[in-house]
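Enquirer: What follows is a single structure, and I will ask about it in a moment.
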Ligand code: SAH
């Protein structure tokens with residue numbers, strides 16, 4: 001049995017600080033959230049490794065560095081409300097909940113959403129709302145959001161999500177083909193929207209009306 005607190009601290013230093021993550025709020029959130037509780041018991045000892053891990057339904061919990069850089073790019077303030085598409089394990093939602101006012105998170109698989117709800121509640125993260133739906137539609141009843149984070153790979157930036165950004169709001173999303181994407185930040189500004197590109201990455205598919213269509217083969221493979 002490994003020392004999880006020690007492993008988490010090493011993760012922050014060697015995977016995040018060493019690669020240029022600087023936001024103290026992001027470093028402290030990843031230094032606090034017990035990532036090992038968000039993976040299957042059989043994978044706990046690997047929870048702080050430098051890679052994604054399977055979480056069931058053919059989906060993955062993202063690599064710690066990817067969680068950190070996406071969170072840092074959101075540039076969150078305490079008072080911000082954030083929408084996440086792709087709840088998965090609930091880990092990214094827990095990290096966000098440490099550094100903003102409220103997190104709204106959408107997952108298409110009921111099983112994953114239910115499990116994430118249970119774990120975050122056990123860990124006492126109270127400022128998260130869960131929904132099972134196609135997240136490419138956003139969450140219109142709660143819009144606009146100061147930040148939107150899409151944790152699955154998209155063919156293009158969904159217009160529906162852009163429309164749910166507050167003025168000054170940021171949307172972080174991996175955009176590309178099904179095998180590799182580029183992390184993008186869309187910022188809504190009165191004097192003209194901007195799109196910036198960051199690191200290359202590889203995410204599971206964003207499947208939905210404004211994402212990829214469900215392919216029989218990939219769903220069947222899972
Ligand atoms: N943020 C997650 C990583 C999840 S992997 C974590 O911290 O563990 C991406 C997730 O996006 C998968 O669970 C997948 O089922 C979900 N997903 C894909 N397309 C979706 C859509 N249109 N709406 C909601 N969730 C979606």
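Using the three backbone atoms N, Cα and C, a Cβ is placed for every residue, glycine included.
Okay, so TrEMBL annotates it like this:
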{"type": "ACT_SITE", "residues": "62", "note": "active site"}
Enquirer: Where does the residue listed as 'active site' sit in the DSSP three-state scheme?
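Expert: The three-state answer is coil.
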Enquirer: Give the number of CB atoms, excluding that of residue 62 (active site) itself, located within 10 Å of its CB.
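Expert: Summing over all protein chains shown, residue 62 (active site) has 24 other Cβ atoms within 10 Å.
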